[in-house]
Amino acid sequence: MEYHQPEDPAPGKAGTAEAVIPENHEVLAGPDEHPQDTDARDADGEAREREPADQALLPSQCGDNLESPLPEASSAPPGPTLGTLPEVETIRACSMPQELPQSPRTRQPEPDFYCVKWIPWKGEQTPIITQSTNGPCPLLAIMNILFLQWKVKLPPQKEVITSDELMAHLGNCLLSIKPQEKSEGLQLNFQQNVDDAMTVLPKLATGLDVNVRFTGVSDFEYTPECSVFDLLGIPLYHGWLVDPQSPEAVRAVGKLSYNQLVERIITCKHSSDTNLVTEGLIAEQFLETTAAQLTYHGLCELTAAAKEGELSVFFRNNHFSTMTKHKSHLYLLVTDQGFLQEEQVVWESLHNVDGDSCFCDSDFHLSHSLGKGPGAEGGSGSPETQLQVDQDYLIALSLQQQQPRGPLGLTDLELAQQLQQEEYQQQQAAQPVRMRTRVLSLQGRGATSGRPAGERRQRPKHESDCILL
């Protein structure tokens, strides 16, 4: 014991010195006669290597705590382990703030750059911006319209553009707009709309909050995001409409927006009133059957509402696309970066709800160099055959609109849609009856439901007896 008492304090001090600064322990191991000088040198070494004073205090506190258990313990391993733990924690605490400011630097170049595709548009080389996966489709859809309208121009050799440059061009367009009316009230309202649009600009790079209404192709719940489209004079359309020939769906959906309809479905399904439960189920079925967010009635209304040669933004499946109308047909601008080198792929036809479309070039001629299906024709065909295919395609589309109308003034397509809708209505009408019968059967299981169940059980008994014989 006498041998351990004079040596235990020295390892304890050595443990604290090693836990903080291992290099100072070798220098300070020589002078054992002046422990105060060694403590002062330890403090100086700690202050030089570690600037924060709190980190120099943490090991000293651990050293003070080690002095009390030393007479009880015969060895000093617990001392260095307790002395090293605060050091590890302080090192991690110092290293974490150093990594945080580096993360924004690494994230900056990732979503900023977008490839520019040059297309011949009405006799002039015009740029359009392509997007990769999860790109800022609202910003690109608006900017592509401004490029196609030649309100924003880029240098001829521009191949890559950043989102900051796009935002700057869009901001300049908004600030250059002047109110048409000179009255003070309208000017104040116009200035307020400009301020709202400028505050919304950063959201265009991430996504817009758009809430559709199912009553019209241009019916949206007004939000500050819509002020950007209003100021630029860009129409915003959608095709998610309720068919007026389905009165039950019209009654269940009404004039509600999408968010309001979802809330109503939840409240109706938890209601004790069977009529409200039925309306909630009908509204829920409407959302499920129209999950593509485009109906045939909406497509017809969209074709009628869009003007010839008009450039607009089409919203579907939480995606914004640049849309135009050419010769009574709707086309969507192809902005997928995978078609960057495909000069003949510029527009995509929108004539079907199921997504069956065709690619066209900048002059709305059917593209033969690339197709969506495996049986698409290649570019090796002669010009005569390509021209014949173009004519056949245009004739097929024109016949779709020039079909002879029946006694009710409906085309074959509309008649087929009406028959499909009538069948859908019959299914909807049968569902409430089935639901009510189920509710009644659940309520009156005691007496009425026993007889048919007993009869159904007797039949398999006879069949089983016959099988056994």
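Even glycines carry a Cβ here, placed using N, Cα and C.
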Swiss-Prot record, region 'Disordered', of the ranges 354-382, 441-469 the matching one is 441-469
For Cys137 (active site, nucleophile), the number of neighbouring Cβ atoms whose distance to its own Cβ is within 10 Å equals 20
Long-range Cβ list for His319 (active site, proton acceptor), cut-off under 8 Å, min separation 6+ in sequence, same chain only, gives Cys137
